[in-house]
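Peer 1: Mind having a look at this structure? Questions to follow.
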Amino acid sequence: MALMGVQLVVSLLAVSIMQRMAPHLSFARWLLCNGSLLKFRHPSEGELCALAGKQIPKTSRRDRRQNGHGESKPLTVPKDIDLHLESTPVNVMDALVLRFFVEYQWLIDFAVYATGIYLFTEGYYSVVDASKEVNIASIWCVLTVLFCLRTLYLLMSHYFLSEEGGERSVCLAFGFLSLLIAMLVLVVREDYLEFGLEPGFTSLFDNFEVFARKQGYEWSVPFTKLSVKLGLAVICAFIGALLAFPGLRLAQTHLDAVQMNADRPMIQILLHMSFLSPLVIIVMWIKPIARDFLGNAPMGKTSVTLLSSSAFSSVRLWTIVVLCVLRLLLTRYHLQAYLNLAQKWVEQMKKEAGRIAAIDIQRKVTRIFCYLTVVTLQYLIPILLVLFSTLALKSLGDFSWGLGAETPGVTPAPIIPSSTPPPVPGPEDDEDMEDMEEDIQATVAHLTELFSALRALLTPIFFRGIFAFLTWWVAACQLISSLFGIYFHQYLMHN
């Protein structure tokens, strides 16, 4: 039986630390409350009246009786008043009232601990021969991907529950567009898009056919392949709908961040590289452009091998990780660009004629800050999806970080509960304990057979195809939605 050993101990220790330290030490809370982000405080009615050159109206009892319900008329001020919002650093007390703050803190902290577990596991496998142990890091990576999708679903459900139907229509439109694109991508041959889905499905179906025949079942492989691809296309449509608003928001914060750093050309270059990083990820899975070109680069009348096949796979993994780290390092610029929307809205209001209620100004400025964690999740989750899909691809797909010859990786071993000696029974319950031992042995034998069958079905070839396609698809969805967002904010918003 395979034991988790050191990995299980470290994993349980990480879970315990995460649970106990969350109220005291949280990376997610530090990201928003380290003093680098500045929020804008909404003006009070007294400040607005002073800028408008009048006093705060006092309502008499007679006016309240005439209004019927004791409500005073809303205070209005001219839109072109000389209003300048006061900025203050975001602190912990401010962050506690933000929308989806609990979900944000839990997800980001879990991703940080998952990264630590992954780094420990990689170091552990480089020192110890742990081929018979379960790769706990891959489980953490898969869980992080699932939790990211769950959080995006919570955000999207918020749009569907709102009274306005515009956000719901956008999600549905991107979902149907993603469904069409996914069906087109899934019929492209492996000679052009080298996900490895076909070899992965072939391995899965062949192994499952052997398993089904042993159980006495007959099934049709062509029908199963078609149904699996249709199901995968539906999942792609769902992911595309989830990534619609994160891409649109990324486009807006990118444009504002570039404008905000107009006097810092190096930051602008990094922002543009970060924005175009999904395009680089997409190109790296196009075989004629990436692998074939680097494997047989034309040099006059001859061709030169710049990278071997295994070295290219490692370079691709490293490139994706570096691009994700770059985008994570630029998080603060995007978040500050979003917070600056409050001052940007005030400047736009000054150009308009007429009057506006003071409560509307206060509500608009406050609403921008209240959705800071939503915008942070929309920026970070696509990055985490790509990053942890790539890490899972490396671990479960038996890839290597080195540029030399590809070494066989670690295939997840079946998780089998270890049997511990039962306590010594008394004379009165010998028969009950014997029956219990027989039940436990039967359960262990059944689980052993089940996990052995799953290990034979889910091979590294299958995991390579699934996680390579997931990584590529998330990057493609974000590129499509963000480019549409650039077009929307640059042209449609000004017309």
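Cβ coordinates are placed from backbone N, Cα and C, and glycine is handled just like the others.
Sharing the record's features from Swiss-Prot:
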type	residues	note
SIGNAL	1-28	signal peptide
TOPO_DOM	29-99	topological domain 'Extracellular'
CARBOHYD	Asn34	N-linked glycosylation site
TRANSMEM	100-120	transmembrane segment
TOPO_DOM	121-135	topological domain 'Cytoplasmic'
TRANSMEM	136-156	transmembrane segment
TOPO_DOM	157-167	topological domain 'Extracellular'
TRANSMEM	168-188	transmembrane segment
TOPO_DOM	189-227	topological domain 'Cytoplasmic'
TRANSMEM	228-248	transmembrane segment
TOPO_DOM	249-265	topological domain 'Extracellular'
TRANSMEM	266-286	transmembrane segment
TOPO_DOM	287-305	topological domain 'Cytoplasmic'
TRANSMEM	306-326	transmembrane segment
TOPO_DOM	327-367	topological domain 'Extracellular'
TRANSMEM	368-388	transmembrane segment
TOPO_DOM	389-465	topological domain 'Cytoplasmic'
TRANSMEM	466-486	transmembrane segment
TOPO_DOM	487-495	topological domain 'Extracellular'
Peer 1: Restricting to CB pairs under 8 Å, which listed stretch, 100-120, 266-286, 306-326, 368-388, is in contact most with the transmembrane segment (466-486)?
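Peer 2: Most contacts with the transmembrane segment (466-486): 266-286.
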Peer 1: Near the Cβ of the residue listed as 'N-linked glycosylation site', how many other Cβ atoms are there if near means within 10 Å?
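Peer 2: The residue listed as 'N-linked glycosylation site' is surrounded by 11 other Cβ atoms within 10 Å.
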Peer 1: Please check if the transmembrane segment (228-248) comes into contact with the transmembrane segment (306-326), where contact means 3 or more CB pairs closer than 8 Å and the residues in each pair are separated by 6 or more positions.
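Peer 2: These two segments do not touch.
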Peer 1: Quickly jot the same-chain residues contacting the transmembrane segment (266-286) by Cβ under 8 Å, restricted to those at least six beyond its ends, or write none.
Peer 2: 192-195, 250, 254, 257-258, 316, 319-320, 323-324, 326-327, 330, 333, 386, 468, 471-472, 475-476, 478-479, 482
Peer 1: Mark yes when the transmembrane segment (136-156) and the transmembrane segment (368-388) have three or more Cβ pairs under 8 Å (sequence separation 6 or more) and no when they do not.
Peer 2: yes
Peer 1: What same-chain residues lie close to the transmembrane segment (168-188): Cβ under 8 Å, and 6 or more beyond its ends?
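Peer 2: Sequence-distant neighbours of the transmembrane segment (168-188): 156, 159-160, 162, 197, 229, 232-234, 236-241, 243-245, 248, 473, 476-477, 480-481.
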Peer 1: List, by number or range, the same-chain residues at least 6 past the transmembrane segment (136-156) whose CB is under 8 A from its CB atoms?
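Peer 2: Same-chain residues near the transmembrane segment (136-156) but 6 or more away: 4, 7-8, 10-11, 100, 103, 107, 110-111, 113-114, 117-118, 120-122, 171, 239, 241-243, 245-246, 374, 377-378, 381, 384-385, 388-389, 391-392, 395-396, 412, 470.
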Peer 1: Using DSSP and three states only, what is Asn34 (N-linked glycosylation site)?
Peer 2: coil
